[in-house]
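In what follows, a structure is listed as structure tokens, so that the remarks can point back to it.
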């Protein structure tokens, strides 16, 4: 089996994968919806008590076996379904995750125009309800978001980027520009990964570090421009402790930790299987968990300070300027950037940061999918150019799936509705927690922690906190997973976007997607 050329290769690859769009795209809006600073408390607790122990388990287990997932779980064959469930989850995730990168590319290309298109109402997609906010001083048009008008940034997002149709029943034509971006992103993904981890690991040194540096630059620039940032930072840093009485806040925090650290989906097992036998996985797992949490915190600081600036600028409240969901990054933040000096520069840097964050995760998912089939089949391993051919087939297949999400509802006239099915049902919520819980039970109870602890001692020497890890792996973490699964299933609500309620057949299809993810386990 291939090995990482340098000891840092695993660390940079893992940090690049875990620190992704979930930190800068998903974390801020979940934080806003769940009490701002109050959300940070359960988020940090679950990072320490749940995510980091799971990272230690997965990295140590993968390093111990140094084999593909199918070979690892063959040691206790009753749990073989976990490997295939993780395969399906990653297939779904790789198809939908890249759609966010397509949107980001659209914004990044638009950032090089002389006038940012989301700052004025003179474009073909704008309506008579459009209102623009464009000024680098303290004066704005005599209108605020509370007038229930639609901001230019929101119309650019909904009408130009998404091209929203009336619903899932009205999926329109493909969007040529978005199809082009989708194809280019998959071509880049293929050429980065087609030679295996020794080649792609060199790319990760750039794509894992540059985004973090850019996030720091944008955050420092935002904090340096102090005017109006107090409302946002105050909302973010001073918690409303009454929110902690809401159980949903705790489950949402656990879900975000699981999503951003990517535990339970087999990727860390896969990456660690390329480690040398004596690699210090314990230190790396702690660094990965800390880097993920700090990036989320810094991203939240950047976004919330911008929201505070925008609210002060428009003489309105935080709730008025902050859109829920992805709009927080694709509406509020671009609008805030447009009010800064040299907005094209800051806009390009911000969306370049987002794109690089997404690249790592996408590259590694392709590596995982290719190696899953190669590790699991002697016939495929015997073929010449097996990585190159299989990688091209997988990239092309995912490209075709992605086309349904780039019609005019995403990339096509209706794509956003398809995207939300994959985003909410294929690889999020109860499916992820169920895979985590089954993996914990399989390793802790079926394989046996005593056997695994001996392997860990052989790899890096005696570990002093075994009793803490044993409590987490055998009791605490499985309980967290099962409680979250029950919460999600008990609190089922029909799928809707804004005022649009999905038809019954689409609701059934969404649940079939969820079941298809984990059906291999039973």
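Including glycine, each Cβ sits where the backbone N, Cα and C put it.
Residues or ranges marked as Na(+) binding site in TrEMBL: 16, 19, 23, 260, 292, 357, 360, 361. Sequence-distant neighbours of residue 23 (Na(+) binding site) (same chain, six or more apart, CB under 8 Å from its CB) are 260, 292, 295, 296, 299, 357, listed in sequence order.
Look at TrEMBL and you will find 121-130 tagged as disulfide bond. Residue environment of residue 130 (disulfide bond) contains 20 other Cβ atoms, counted within 10 Å of its Cβ in all protein chains.
Annotation comment: TrEMBL describes 7-25 (among others) as transmembrane segment.
TrEMBL lists 37-57 (among others) with the feature transmembrane segment. Tertiary proximity for the transmembrane segment (37-57) is limited to same-chain residues at least six positions away from its ends with a CB under 8 Å from its CB atoms, namely 30-31, 235-244, 249-250, 252-254, 256-258, 261, 263-264, 268, 281-282, 285-286, 288-289, 292-293, 296-297, 300, 436, 440, 443, 468-469, 472-473, 476-477, 480.
Using a Cβ-Cβ cut-off under 8 Å and counting only residues 6 or more beyond its ends in the same chain, the transmembrane segment (78-104) has close neighbours at 21, 25, 69-70, 72, 161, 178, 181-182, 185-186, 189, 264-267, 326, 330, 351, 354-355, 358-359, 361-362, 365-366, 368-369, 372, 398, 401-402, 405-406, 410-411, 415, 419, 422-423, 426-427, 431-432, 435, 438-439, 442, 446, 513, 516-522. The annotation transmembrane segment is assigned in TrEMBL to 78-104 (among others).
Marked as transmembrane segment by TrEMBL: 178-197 (among others). Tertiary neighbourhood of the transmembrane segment (178-197): same-chain residues 2, 4, 9, 13, 98-99, 101-102, 105-106, 109, 203, 274, 359, 362-363, 366-367, 370, 387-388, 391-392, 395-396, 398-399, 402-403, 406, 410-411, selected by CB-CB distance under 8 Å and a gap of 6+ residues from either end.
Taken from TrEMBL, the feature transmembrane segment applies to 204-227 (among others).
Summarising the annotation, TrEMBL assigns transmembrane segment to 247-274 (among others).
Annotation comment: TrEMBL describes 286-311 (among others) as transmembrane segment.
Taken from TrEMBL, the feature transmembrane segment covers 345-368 (among others). Same-chain neighbours of the transmembrane segment (345-368): 13, 16-17, 19-21, 23-25, 90, 93-94, 97-98, 100-101, 104-105, 107-108, 111-112, 116, 185, 188-190, 192-193, 196-197, 200, 203-204, 207-208, 210-211, 214-215, 217-218, 221, 262, 266-267, 270-271, 329, 333-334, 337-338, 391, 394-395, counting only residues six or more beyond its ends whose CB sits under 8 Å from a CB of the stretch.
As annotated by TrEMBL, transmembrane segment applies to 389-407 (among others).
The feature transmembrane segment is assigned by TrEMBL to 427-447 (among others). Packing against the transmembrane segment (427-447) from elsewhere in the chain are residues 54, 57-58, 61, 73, 75-76, 78-79, 81-82, 85-86, 89-90, 92-93, 96, 254-255, 258-259, 263-265, 473-474, 477-478, 480-482, 484-485, 488-489, 514, 517-518, 521: each is 6 or more residues past its ends and has a CB under 8 Å from a CB in it.
Residues annotated as transmembrane segment in TrEMBL: 467-490 (among others).
Sequence annotations record features per position, and here TrEMBL assigns transmembrane segment to 502-521 (among others).
Within its own chain, residue 360 (Na(+) binding site) has 13, 16, 17, 19, 20, 204, 207, 208 as residues 6 or more apart in sequence whose C-beta sits under 8 angstroms from its own. Ranked by how many other Cβ atoms sit within 10 Å of their Cβ, the recorded positions 19, 121, 357 place 121 at the bottom. Between the alpha carbons (Cα) of residue 121 (disulfide bond) and residue 361 (Na(+) binding site) lies a span of roughly 36 Å. Annotation: stretch 7-25 has the most Cβ pairs under 8 Å to the transmembrane segment (247-274), among 7-25, 286-311, 467-490, 502-521. Long-range neighbours of the transmembrane segment (502-521) within the same chain, counting only residues 6 or more positions beyond its ends whose Cβ lies under 8 Å from a Cβ of the stretch, are 81-82, 84-85, 88-89, 92, 167-169, 417, 421-422, 424-427, 429-431, 434-435, 438, 494-496. Of all Cβ atoms in the shown protein chains, 29 besides its own fall within 10 Å of the Cβ of residue 16 (Na(+) binding site).
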